[in-house]
Structure formats: structure tokens, C-alpha cells
Ligand code: GRF
């Protein structure tokens, strides 16, 4: 199975996924990284690990459908079977949703449906929650709304700061995401064989 990772930022999850693929722990290959941000550090990280990384700017296209059609053309050219969103800061539109129905997942740093959208970690701190976590879910047209595949709790300690909580959540993400991608890819391979 060939996987494309979509990311807009730092790319620590993309890096964890690429490294897991290289050691055979992903059950698939990360063949492509796509970013909507020209200077996203994820592009450099991926290239340094030998993975093709492409920037496509939404501003260069007339609308979202045209932008996603260009991404779709690239995915088709690269033979991509599955899309993994890892800090991709755009809602996915009908063009990609229809082409990759049931073959696109996302990771979010909260226990959804709690704290969807931007700055989930800040939202959890602001709410003085004592627990937050990580959710991996299938992607639908909403913001962080698709069917949940896996969740893991992270305790918020007394005196927790944004930095310490982010580090705890990232540590969970970097283990959980490769494991769940492996599980989901396996299910797809088995589904295709039936
Ligand atoms: C992660 O916390 C992920 O849950 C969220 O965006 C962040 C991406 O971080 N969707 P990174 O770019 O993988 O470091």
C-alpha cells in the first residue's frame, strides 16, 4: 500500500510515519508528502528521509475543486492508495473525499468530540480539564467529525503548561499513529482480497 501524508507544519507525525514505514512497522510505504505551505518544515524533513515531498499552493488555483483536482492528479500519478492527514490545516472537499472515500484518516490532539478545531491543547488547558488525549478518525466533510478509529487518554497534571502537555501528546501521537495506520492498511488489504 502506498500512503501519502498531507501536512501543513512541523511534521513530527509525518516523520514518525516515514520512520515506521522504513522499519516495516507501517505495513506500507510513505511514497509522498503533500503540503499546502511552501515553507512547511515537513517538506524538508521528508526529503531528508528520502521521501518525495511536493508543495501545492491553493492560491495558484481558481477554487478548492481545482486545487484538489491538481492534488488528485499527483496522487494518481504516484499510485497513492491511502491518505494520512498529519497537521493538514484545511478542510477536505468533495473532490478528494469522493476519490478516497474510506481511505483517508486524520489525527487530532484531543479526545473528540471534545475540543475540535484549532488549538485543541490550548482549549483543554483553558477548560481546566484533567484529561485530554489523542483521536484518530476517518475524514469526512466536517472539521474533526468523522468516525473514530482509536483514542488514547493523556492526563493533565497540576501545573501543566502548554509545552509539557504538547510534549506528552506528541509522544502518544508518534506511537499511536503508526500503529493505527498499520491496522487500517491491513484491514484494507484484507478487504480487497475478499
Ligand atoms: C498534531 O498535534 C496533530 O494531532 C494535529 O496537528 C499536529 C501536527 O503536528 N492535527 P506535527 O506537524 O506532526 O508535528
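Any Cβ shown, glycine's included, is placed from N, Cα and C.
Unlike curated records, TrEMBL annotations are generated automatically.
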Need one residue: from 52, 64, 128, the one TrEMBL lists with 89, 90, 91, 92, 106 for (6R)-10-formyltetrahydrofolate. 64
For ligand 1, the recorded positions of 89, 90, 91, 92, 144 whose CB is under 6 Å from one of its atoms are none
Of the recorded positions 11, 12, 13, 108, 144, which one has its Cα closest to the Cα of residue 90 ((6R)-10-formyltetrahydrofolate binding site)? 144
Out of 12, 13, 106, the listed binding-site residues, fewest other Cβ atoms within 10 Å surround the Cβ of 12
For the N(1)-(5-phospho-beta-D-ribosyl)glycinamide site given as 11, 12, 13, which other residues of the same chain have their Cβ within 8 Å of the site's Cβ centre? 7, 9, 10, 14, 15, 16, 17, 42, 45, 86, 87, 174
